[in-house]
Amino acid sequence: MTKKPKFQEPAGMHDILPGEQRYFQKVLDTCENIADFYGFQRIETPILEQTELFSKGTGLSTDIVQKQMYNLRTKGGDYLTLRPEFTPGITRAFVEHGMKNLPQPVKFYSFGPLFRYEHSQAGRYRQFHQFNLEVIGEGGPIIDVQIIQIFYNILQELKLKNLIIEINSIGDNQCRPYYKKLLVSYFRSRESALCVDCRRRLKENPLRVLDCKEEKCQRIVSQAPQLIDHLCQECHHHFKGVLELLDEIELPYRLNPYLVRGLDYYTKTVFEIFSQEQKKSEDEKEITVRNALCGGGRYDALVKLLGGEDAKASGGALGIERIIELMREREIKFPRAAGPQVFLAQLGTMAKRKSLKLLEDFRKARILTGESFGKDSLKAQLRTADKMEVKYTLLIGQREALEGTVLIRDMKTGKQETIKLDKAVKEMKKRLKK
Ligand code: ATP
Ligand code: MG
């Protein structure tokens with residue numbers, strides 16, 4: 001048994017090794033391309049924010065704020081928190097930089113790490129990445145639909161199948177308080193059958209009971225009153241608009257009247273996108289495995305809550321690690337980035353020196369060029385060239401170094417030819433063009 005090294009990754013946090021980077025790159029490129037088409041611009045906010053931004057923005061009664069934040073106190077005495085989600089930071093930036101004065105709405109996208117102190121398990125980490133969208137300064141249903149459409153397009157472009165969009169409206173300050181009362185009185189009469197967490201939620205945030213994953217709670221939830229039956233006129237109208245537009249663009253969605261999402265600031269539309277699969281369990285039973293890939297919704301009160309002028313807003317985020325895990329599980333292939341076309345081999349000290357200089361000339365000419373300058377054996381170098389599948393190997397041996405020449409070998413035909421060293425780049429350009 002090999003001994004564990006003294007230092008390891010912190011629990012729930014993972015190195016992204018070079019072999020995995022191409023998945024991240026592929027997902028990010030796809031996200032950026034699509035977001036760019038829809039007129040979104042990148043925004044980056046600090047990884048640390050004032051703790052109060054999250055307790056106020058994300059909300060005191062949420063799991064994120066109650067259990068999942070990494071807090072720290074600086075030497076200067078400030079209370080800061082590693083961001084557990086993007087929305088409060090971006091909303092702060094919108095207010096702080098007076099972006100209300102820009103043409104509205106402003107559309108932002110972001111990509112980066114987030115931190116939540118979770119029970120780490122497959123698909124649930126303490127440091128993970130999201131691709132996030134926010135549209136601030138526009139209240140119509142079409143924005144909600146466009147955000148869902150963009151996320152759906154990204155997942156489709158990444159060739160993920162069996163996607164399910166779930167959607168609901170959780171109303172606003174006009175209609176939600178009354179519904180909450182109805183809900184509390186429904187759950188009160190069944191309180192003893194709820195899990196411990198839900199009994200607490202019932203006091204602090206009864207909507208969150210709807211979200212509980214425990215089977216006994218879900219059974220009770222399935223008979224609970226539904227908010228969509230109690231929406232005020234404005235929310236009803238908005239939700240109808242959202243559903244009509246989803247129909248119009250033929251996005252396959254499912255109405256889930258108990259979808260609430262874990263954050264306090266949502267108003268009206270909330271949605272999640274899942275991937276769903278039939279699998280065999282350990283005892284050979286058919287089971288349905290659902291994986292939440294994306295979540296979001298409208299947050300019309302947040303900008304004001306964080307000190308700005310009233311501005312309606314909507315957004316959402318994709319979980320990058322979960323997407324990559326699915327891509328790997330389903331063996332989704334995509335073309336590898338182009339590798340080097342030319343390899344520089346060298347033999348002897350003087351040749352090594354000349355190759356080092358030649359490599360720079362190739363870089364300036366933007367020709368991808370491989371080498372293994374650390375190796376002295378020609379055989380070993382040619383093996384590397386083979387592995388890289390280059391079209392040409394350029395060899396500078398002792399004689400070539402003295403004469404100022406280089407030997408070009410066509411790796412396919414085996415044909416060799418000696419040319420002047422200072423013509424090498426030009427010659428390669430010509431041959432690679434063919
Ligand atoms: P869940 O219900 O799975 O806890 P959530 O509602 O907390 O998700 P959001 O805050 O809406 O998640 O984040 C959007 C997406 O980010 C999720 O759909 C998921 O793909 C991903 N995500 C959330 N938390 C984690 C985590 N701890 N590790 C990895 N990915 C995560
Ligand atoms: Mg969560």
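Note: Cβ is positioned from N, Cα and C throughout, glycine not excepted.
Automated prediction, rather than curation, is the source of TrEMBL annotations.
Of the residues R73, R116, R254, TrEMBL puts just one in the L-histidine site with E85, F86, T87, Q130, E134, R261, Y265, Y266: R116. Spread of the L-histidine binding residues is 21 Å (greatest Cα-Cα distance among E85, F86, T87, R116, Q130, E134, R261, Y265, Y266). Ligand 1 lies under 6 Å from the Cβ of the following binding-site residues, listed in sequence order from T87, Q130, Y266: Q130. Around Q130 (L-histidine binding site), taking its Cβ as the centre, 20 other Cβ atoms fall within 10 Å, counting all chains. Per-residue pLDDT, averaged along the domain 'Aminoacyl-transfer RNA synthetases class-II family profile' (39-335), amounts to 94 for this model. Ranked by how many other Cβ atoms sit within 10 Å of their Cβ, the binding-site residues T87, R261 place R261 at the bottom.
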